[in-house]
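Below is one structure, written out as structure tokens; comments come after it.
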Amino acid sequence: MGSISGAYITTLLMILLCSGSSMLLLCEGQQLSSNFYDSTCPNALSTIRTAIRTAISAERRMGASLIRLHFHDCFVNGCDASLLLDSTSSFESEQNAIQNIGSARGFHVIENAKSKVESVCPGVVSCADILAVAARDSSVAVSIRNTPLHSSTISS
């Protein structure tokens, strides 16, 4: 197992965790695609990647925190970004659930990525997709050992 990279293991785990919701999409005749936003928001993935790299450069543990946010978002009812909802007077958000208080972190990084994506193409990219891409990019960023986080070291 020493030859298997952390990014590979993380990717497999994410596929297994999200397979329920992914299978529903495939059964409905839709397929997941890494180039979904190429025509509607061509800079979406690079914008998210830059925000994630910046956050992980400032605090390397943030990569694991963002992967954990994606896991918690997908765990119960599928990957819908419900974890990002704020509480209201009639609704307690997942952020404020007893299981997540003090342990789920990185919300500000996702908010920052969303803000940057909204500035380049407002109303196009879903929060759930930003969270998923952030987890993917985090996995890649933290798997590169002893290498600075530069654009030339991480490919999309």
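Cβ coordinates are placed from backbone N, Cα and C, and glycine is handled just like the others.
Unlike curated entries, TrEMBL annotations are predicted automatically.
Take the candidates Cys79, Cys121; TrEMBL pairs Cys41 in a disulfide bond with Cys121. Listed in chain order, the extra residues whose Cβ falls within 8 Å of the Cβ center of the Ca(2+) site residues Asp73, Val76, Gly78, Asp80, Ser82, Glu94 are His72, Cys74, Phe75, Asn77, Cys79, Ala81, Leu83. Rounded to the nearest whole angstrom, the C-alpha distance between Val76 (Ca(2+) binding site) and Cys121 (disulfide bond) is 30.
Separating the Cα atoms of Cys41 (disulfide bond) and Cys74 (disulfide bond) is a whole-number distance of 24 Å. The recorded positions shown are Arg68, His72, Cys121; of these, the one with its CA atom nearest the CA of Gly78 (Ca(2+) binding site) is His72.
It is Asp73 that, of the binding-site residues Asp73, Asp80, Glu94, has its Cβ surrounded by the most other Cβ atoms within 10 Å. Nearest by CA distance to Glu94 (Ca(2+) binding site), out of the recorded positions His72, Cys74, Cys79, Cys121, is His72.
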